[in-house]
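Novice: Per TrEMBL, the feature FAD binding site maps to THR38, SER39, VAL250, TRP524, HIS525. According to TrEMBL, the domain 'Glucose-methanol-choline oxidoreductase N-terminal' annotation covers 294-308. For HIS525, the entry in TrEMBL reads active site, proton donor. The active site, proton acceptor annotation in TrEMBL covers HIS571.
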Amino acid sequence: MTVVPELKPQDVGVAVPIAPQISLDTYAYDYIIIGGGTSGSVLASRLSEDPSVSVLVIERGPVADTWTSRVPLLSSNIFDKDGPIRTWWSLPMRNANNRFAQIMSSEALGGVSRINGLLYTRGTPGDYNQWKALGNPGWGYEDLEPYFVKSEKTSSHPASKFRGHDGVWQNRTSKDPFHTNQYIVRALQKAGIEQVPDLNAPDAPAACVGRTDHIVDNDHDRSSTNRAFLSPQLTQERKSRLKICTSTLVTRLELAGLGDEFRAVGVHFEANDPRLARQQYFAKARREVVLCAGALASPQILMLSGLGPEEHLRQKGIPVVRDLPAVGNHLQDHVGLPIMFEVPMRDSVHQLQTNPLKAAVEFGKYLVAGRGILSHPLELMSTFVPTRLLDEDLSLSTHDARELDASIPKNRPDIEFMHIPSNSTQYDIPGKGIFTLNTVLIRPKSEGTVRLQTSNPRARPDVDLGFFTSPDDLVPLRKGVRLAMRIADDVVKQGYPLKHLLVPDGKTEDDIDRFIRANAATSWHYTSTCRMGQETHGSQESVVDAELKVHGVQGLRVCDASVFPEIIGSHTMAPAVVVAEKCAAMMRGQVQ
């Protein structure tokens, strides 16, 4: 069986300190990519298309490509202790009852695309037009649509200008095996929110409900970015120019001074397993180093290398190379609020836990034909709502196409309902069929931070999610909660047996605010900690420019969700891939 060739630190780097007789050119690469996750896998694949260049990928986790890691539903278990997920606790959420959130990182080739909810959602054109309006030329929707199309291979939508059929990254929609959503859609339509055939269509209205696209391939397996862009066949064919070093921890960048500027000339790394990390290694970058380690690890590596807020670096005993105040600032995440109901067991995935025979039947369906509950994600439908357009009765107040034009930034939705036929909290509720209408704030104004806990690269960073540091975020969430409860009431009126399970105690603003602060949760959609923007002297606002180059450091880029100028109003995986496609095109001089 063809496998991805996994290399060790000693295979790709020179031991440190470097003996005088050893030439660094032996361990030199045109491009070094730090992180082989959602974005890094794409970037490595695109750069290594050029047979004249050499690419080194350094990934903290293993390949770990197992059968269960490919089964769509099974691989979405983010609480699986045997999976590639590493968790730690956030700093106390000061505006959410001082609770702690469980922070998550996926350490495996393919990154979060290996373990997330599989959703392929692009966001609205207005999201990207806002990026461009913030001073980032080339990042509007029309600029990025060709890159969405390039990577995509959809099997559920007809040929069009905006959907791809020739890419390597597959997605589809699936038929819903449960009944709850039928009643919810009717209730939404009664509130003026219509169902659309394609949530990712650029002309989809700002208020709509529809089936989700999800990354499942023609073999009914999860189409994670490593399997799509760094398949075993591709990596074997390119192994002379594409080196993938797994289970390896990057400790810092090597930066050389050039007058008032610096250049990234290489990377220091060691085995990720501390029992094996007795030796440091170094690899040289002839052209560029690209950080693709994600919105938590990319700023951590920059700060460990002396690039970040000067005062913070000095506090941690790290020599300051360049004061970049925005590194680790502006952290954004979607605030999820689980509103849960008891439903018939037949309409919940919890039937697999309570009925061994049903579980066996579903396993059989998947093994024989790639069908059944295991073949798709939990969330088969989503609803998007701009709450400013809701009237006092929580109905859409207008059907004016100009007000619902989602290409205009001010018209974008600010609430998403994730339709989830399961318990979406971390607390076990045995013996019940559960449906969650996860009410998600997708345009938060609040920001948090990522900071070094210590100067030890093995220590997890301190993460302050910053929820509700802007009280304005409570306004759309309150409306979202009220709309969710109206929808639930209407579902009951239709005759469906839905019962309250986790809902506010009352209808007043105080009741709803207490519910929000007690139950607000991370969506693990971290962005914007190395965000893109124009450079100004001593800027507090950005880390990279519109070409994703780090301000004041030559030969260094960042390419992952940390560069988002502000968070996208959708799940972040597809936008992270389009960032990598755009970055690769810029690096190869092939901008469309």
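Backbone N, Cα and C define each Cβ position, glycine as well.
Just so you know, TrEMBL annotations never went through curation; they're auto-generated.
Could you give the neighbours, burial and distances for every feature on this list?
Specialist: Secondary structure at SER39 (FAD binding site), as computed by DSSP, is helix. Around SER39 (FAD binding site), the C-beta neighbours below 8 angstroms that are at least 6 residues distant in the chain are GLY111, THR225, CYS292, CYS559, ASP560, ALA561, ALA576, VAL577, VAL579, ALA580, CYS583.
Confidence over the domain 'Glucose-methanol-choline oxidoreductase N-terminal' (294-308), given as mean pLDDT on the 0 to 100 scale, stands at 99.
Less than 8 angstroms from the CB of HIS525 (FAD binding site) sit ASP333, HIS334, ALA561, ILE567, HIS571, THR572, each of them six or more residues away in the same chain.
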Novice: When a 10 Å sphere is centred on the Cβ of VAL250 (FAD binding site), how many other Cβ atoms does it contain?
Specialist: 26
Novice: Drop a 10 Å sphere on every Cβ of the recorded positions THR38, TRP524, HIS571 and tell me which sphere holds the fewest other Cβ atoms.
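Specialist: Comparing Cβ neighbours within 10 Å for the recorded positions THR38, TRP524, HIS571, TRP524 has the fewest.
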Novice: Helix, strand or coil at VAL250 (FAD binding site), per DSSP?
Specialist: strand
Novice: With DSSP assignments reduced to helix, strand and coil, which class does HIS525 (FAD binding site) get?
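Specialist: The three-state answer is coil.
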